[in-house]
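Peer 1: Before we start, here is the structure in question, set down as structure tokens.
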Amino acid sequence: MDTTLQDPLVGQVLDGRYRVDARIAVGGMATVYRAVDTRLDRVLALKVMHPSLAADASFVERFIREAKSVARLAHPNVVQVFDQGTDGAYVYLAMEYIAGCTLRDVLRERGALQPRAALDILEPVLAALGAAHRAGFVHRDMKPENVLIGDDGRVKVADFGLVRAVDSVTNTTGTVLGTVSYLAPEQIEHGTADPRVDVYACGILLYEMLTGEKPHDGDSPAIVLYKHLHDDVPPPSAAVPGMAYELDELVASATARGPEVRPHDAVALLARARDARARLGDEQLDAVPPQALASEHDNADDRTSVIPRALTVRRPLPVNEEDEGADAAHRTSRFRSPPPLPPRGRTALRRGPMAIVIGVLLVLGLGAGVWYINSGQFTKVPPLLAKTEKEARDRLADAGLDAGQVSEAYSDTVERGSVATDPEAGARIRTNDSVSLTLSKGPRTVRVPDLDGYPQDKARSLLEDEGLKPGMSTREFSDSVPAGSVISTEPGKGTEVRAGSAVALTVSKGAPVDVPDVAGDDLEDARAELEEAGLEVKVATERVTSEYDAGRVARQDPGPGGRVAEGDTVTLTLSKGPEMAEVPDVVGDSVGEAREKLEGAGFRVDEDRGLLGLFGDTVKGQSVDGGDSAPKGSTITIEIR
């Protein structure tokens, strides 16, 4: 069912001006609609805050003030804010409508991007953030969902001002706003934010574009937050072998855990990004990343969230682990006492106190029995993650449990020697039962196979058979390896790596071919010579004037002496003949005057003095008569007597 049809705003006119046509997206703080400004007759995007936030008067006040400030931020890479207002319970922003998609859509469809494409997106994002930083704004919620890519290729940053307004409120409520995958450590630990939190988020953004995955991931937001605080962002080349070192440096500088080590704002990071691009060659910029599907995307992790700042982020516990103290504090048991007996005269009165005592004892006994049946004979498996076998046995004994069978298994997430439990931590189990322990052997490792000389497709298949991923492919000339076959791998053959790692391939372009010089040749002769050298020939449709006769080769690309691969194409541009010019009449002129006229008309000049003209200075004749035409650049001989 189309949920747009159920949205109460669709079809309404907000503030007597904005007609809501369709719902575009729903986020953690607002819903975005496509709307029409009925006064100006233009399509725009209308962002309407969720009622739970719009009901906060202090939020609305700050939001309006911030929105007005951001509306003055004019930059070609910032989504423009046209208007802000309220209509009853609705608080809205009227913004520029961008027909296109988000960076998240691109990553979901394509996975990793080529370095050139990643930098083409990153640089306008940093330009937009740099303008905001210099104007005193911090975005605070940079993520692929807030990078819009128009159908015309323009890159724009959305949601300026919105996150700042919400953060102004959350500073007073002890919370931090943001999307956990892109939060800087200082945002998590102290709730502080300056331009360097945007720099950090852009570093994560670049890593994700280059590798197709996030640097820190986990089963819960708490695990991701812990990794941001305690783990460095790995270099992109660890996920995509062969990635240029300059890109590793760029990501590392932007994602340093200490804010004082990062570039101080987006302008500084933009300068570093442009410097990195300048130091990369075309092969590095256009290197094709592994053709893998984009990683599964969890929308919940990329939704802007309000995170309690008071939360101390500890080493993440297993998903099912519970805090027993908290559980007990919130658990209440209720027992019903039997109804009072009706009075039965004096004997009943005398036996009343005894009956009450017996009744209470019966209730307590019944309650204890119920407790034992339901809870007393059970205990919880204590958390054993990251414990040694001895520590795990001791903790089990303290909980009244025995250690059962101990086995070993590979794990990509649990360190070597650490313990995972079965049943899992927090599970209810009968007292004195045994718990099987699984001891991690660490990640499974494999050796990079010897792929030298294999065709590229076969090499990729062999890597996948070994549990490895094909990495980036670069191409080089080789006199010994046939074109299309593997020259080498990175890491090299025999290297022990983690299963699932990517291996970069260097593929042969074959032996280089020296391009012969065919300028000035007849087309058929030139074609024959190039094809004999193993090259393809393409003839340009446009002809140019040159010193060569019409129909002959005027120029070639690549030029003579260039090194290309067998089968590459050489483009020939044919001559339409030399450019003609009228020859000036210089008979009777002095030598100096004649030379000036002829050279001014585009000709070269040669002098024929003979024996009689050794000391003369007057032109008595010329090789091409005055008024006739001759090719520009040709030589006119003057006779001097």
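Any Cβ shown, glycine's included, is placed from N, Cα and C.
Per Swiss-Prot, the features are:
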type	residues	note
ACT_SITE	Asp141	active site, proton acceptor
BINDING	Ile24, Ala25, Val26, Gly27, Gly28, Met29, Ala30, Thr31, Val32, Lys47	ATP binding site
DOMAIN	18-280	domain 'Protein kinase'
DOMAIN	375-441	domain 'PASTA 1'
DOMAIN	442-508	domain 'PASTA 2'
DOMAIN	509-576	domain 'PASTA 3'
DOMAIN	577-641	domain 'PASTA 4'
REGION	317-347	region 'Disordered'
REGION	469-494	region 'Disordered'
Peer 1: Quick check on the binding-site residues: of Ile24, Val32, whose CB has the lowest count of neighbouring CB atoms inside 10 Å?
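Peer 2: Relative to the other binding-site residues in Ile24, Val32, Ile24 has the fewest Cβ atoms within 10 Å.
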Peer 1: Between Gly28 (ATP binding site) and Asp141 (active site, proton acceptor), what is the CA-CA distance rounded to a whole number of Å?
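Peer 2: Pair distance, Cα basis, whole Å: 12 Å.
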Peer 1: So, three-state DSSP: helix, strand or coil for Ala30 (ATP binding site)?
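Peer 2: Ala30 (ATP binding site) sits in a strand per DSSP.
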Peer 1: What is the separation, in Å, between the Cα atoms of Ile24 (ATP binding site) and the residue listed as 'active site, proton acceptor'?
Peer 2: 20
Peer 1: What's the CA-CA gap between Val26 (ATP binding site) and the residue listed as 'active site, proton acceptor' in angstrom, rounded?
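Peer 2: Distance between the two Cα atoms comes out at 16 Å.
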Peer 1: Looking only at Ile24, Ala25, Val26, Gly27, Gly28, Met29, Ala30, Thr31, Val32, Lys47, the residues listed as binding ATP, what is the longest Cα to Cα distance in Å?
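Peer 2: The two farthest binding residues have Cα atoms 14 Å apart.
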Peer 1: Taking the Cβ of Ala30 (ATP binding site) as the centre, count every other Cβ atom within 10 Å, in any protein chain shown.
Peer 2: 22
Peer 1: Whose Cβ, among the recorded positions Val26, Asp141, has more other Cβ atoms within 10 Å than any of the rest?
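Peer 2: When each Cβ's neighbours within 10 Å are tallied, Asp141 tops the list.
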Peer 1: Fill in the CA-CA distance, the residue listed as 'active site, proton acceptor' to Ala30 (ATP binding site), as an integer in Å.
Peer 2: 14
